[in-house]
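Novice: Could you have a look at this structure, given as structure tokens, before my questions?
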Amino acid sequence: MTQITLRTPDDWHLHLRDGAMLRAVLPQSAAHFGRAIIMPNLVPPVVTGADAAAYRSRIIDALPEGAAFTPLMTLYLTEDTDPEDVAAAHASGLIAAVKLYPAGATTNSASGVADFARVQGVLERMADIGLPLCVHGEVTDPAVDIFDREAVFIDRVLDPLRKRVPGLKVVMEHITTSQGVDYVRSCDTGLGATITTHHLVINRNHILAGGIRPHYYCLPVAKREEHRLALRAAATSGDARFFLGTDSAPHTDPAKLQPCGCAGCFTAPNTLPILAHVFEEEGALARLEAFTSLNGPAFYGLPPNEGTLTLARGAPDLPGHIDTEDGPVTVFDPGFTLDWHVSARSSC
Ligand SMILES: NC(=O)N[C@@H](CC(=O)O)C(=O)O
Ligand SMILES: [Zn+2]
Ligand SMILES: [Zn+2]
């Protein structure tokens, strides 16, 4: 096969940040994606409908001329979130989901949830109105090993939460384990999962063996090889419960290359060439479109994009980093030579 045309992909988990970083990274996503779920973990976080409306305007203002890209906004769930504000933001079409960060689990999650009893009312309201909850699924208990935090979260937090709020639509974001895959597969309705590009490519050896590689450090941290293989099987299976959320999470090199560096991989520029490579390796190019362009909209109750994106043979012309006014941001290196590039996009 020398080229493949997909319905325009969507990114169901994206960090665009704000200010100079937003202006630098937004064109990278807008070039290849029709829509993206925009993560609300700014400083301070996007907690109210008014915050989301203002952030959405800043994103629209930063879009390149003529870009065909729609930001799907989210609210950051706190213990003080007002169910009425959430319902109004949903009813007006402003937000597509609410994001749950367990307090302290990841970048800018200090305002997240510690006492789940305090968000029961919001979650019940979300179930009533059909608004999905996106979940960063890791426990924060320091006694739990970092490689076990996702699996423990399913048992201790997620499964009880779903039983307390029947009917709530939940997306397990950026799953990294076979337990995550199995849990999603065990549920017939109301549960989906995003899978990132980088977790299909790296395991924990890539971060730690032969030297420490900060650009491969993200949360949830990459796990053993058996988990990477489970993720690849899920992503390439065509199963509608699994869809692309890149979790492209830019941090400047100075912020990553520190004694205590930030978590996040920046994959927006090369996600589609990498995915084409992975799906081809798995003999599943025919199912790439389901993962990038069909399963996500179906879960969120939206139509697929009307436009198309074409990938063709040949190495992409991609930079190793992009420059921002805050400093360089390194693009995720998949560690293999890419042989697919985005060759065309039509937006009708
Ligand atoms: N994935 C990451 O490693 N980092 C994300 C936060 C997140 O998605 O957990 C970020 O905002 O930098
Ligand atoms: Zn996260
Ligand atoms: Zn993220």
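Quick reminder: no glycine exception, Cβ is built from N, Cα and C everywhere.
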Novice: In TrEMBL, K99, H136 are given as binding Zn(2+) 2, so which of H174, H198 is in that site too?
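Specialist: Same Zn(2+) 2 site in TrEMBL: H174.
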Novice: Write down the one residue from L168, L219, L294 that TrEMBL lists together with H15, L16, R17, N41, H136, H251, A263 as binding substrate.
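Specialist: Matched candidate out of L168, L219, L294, per TrEMBL for substrate with H15, L16, R17, N41, H136, H251, A263: L219.
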Novice: Just to be sure I understand the packing, how many Cβ atoms besides its own are within 10 Å of the Cβ of H251 (substrate binding site)?
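Specialist: Looking across every protein chain shown, the total is 27.
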Novice: Could you give the Cα-Cα distance between L219 (substrate binding site) and H15 (Zn(2+) 1 binding site), in whole Å?
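Specialist: Between the alpha carbons of L219 (substrate binding site) and H15 (Zn(2+) 1 binding site) there are 13 Å.
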Novice: On the Cα atoms of H15, L16, R17, N41, H136, L219, H251, A263, which are listed as binding substrate, what is the maximum pairwise distance in Å?
Specialist: 19
Novice: Measure from the CA atom of D247 (active site) to the CA atom of K99 (Zn(2+) 1 binding site) and give the result in Å, rounded to a whole number.
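Specialist: Here the two Cα atoms lie 13 Å apart.
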